[in-house]
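As recorded in Swiss-Prot:
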DOMAIN    1-86  domain 'ACB'
BINDING   Lys13, Tyr28, Ser29, His30, Tyr31, Lys32, Lys50, Lys54, Tyr73  acyl-CoA binding site
Amino acid sequence: SEAAFQKAAEEVKELKSQPTDQEMLDVYSHYKQATVGDVNTDRPGMLDFKGKAKWDAWNALKGMSKEDAMKAYVAKVEELKGKYGI
């Protein structure tokens, strides 16, 4: 639900320790897919490694519905809460 999604978006900022880069990419990409939909920007340039990684993670979800992305995002944040605590 939208409320669960918004709550998860707040809770992910309150984790006691920093998730791995890959975990954060998963969370970021599902957030973007849930809020924006399919990638709507050009892939960042060669030297923007972080930007490219984020874009690629988001682009990998192309075609996923916003609702499915929202559910997956909430599930991923729940998983991180269990692992890192809030």
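Backbone N, Cα and C atoms are what each Cβ position is placed from, and that goes for glycine too.
Because the structure is a prediction, the values reported are computed rather than measured.
A map of Swiss-Prot features onto the structure.
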| residue | record | Cβ contacts under 8 Å, 6 or more apart |
| --- | --- | --- |
| Lys13 | acyl-CoA binding site | none |
| Ser29 | acyl-CoA binding site | Lys54, Ala57, Trp58, Ala60, Leu61 |
| Tyr31 | acyl-CoA binding site | Ala9, Ala69, Tyr73 |
| Lys50 | acyl-CoA binding site | none |
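A simple way to gauge crowding: the CB of Tyr73 (acyl-CoA binding site) has 25 other CB atoms within 10 angstroms, across all the protein chains here. In this structure, Lys50 (acyl-CoA binding site) is part of a helix by DSSP. DSSP classifies Tyr73 (acyl-CoA binding site) as helix under the three-state reduction. Among the record's acyl-CoA binders, Lys13, Tyr28, Ser29, His30, Tyr31, Lys32, Lys50, Lys54, Tyr73, no two C-alpha atoms are more than 20 Å apart, and one pair sits at exactly that spread. Across the residues of the domain 'ACB' (1-86), the predicted structure has a mean pLDDT of 97.
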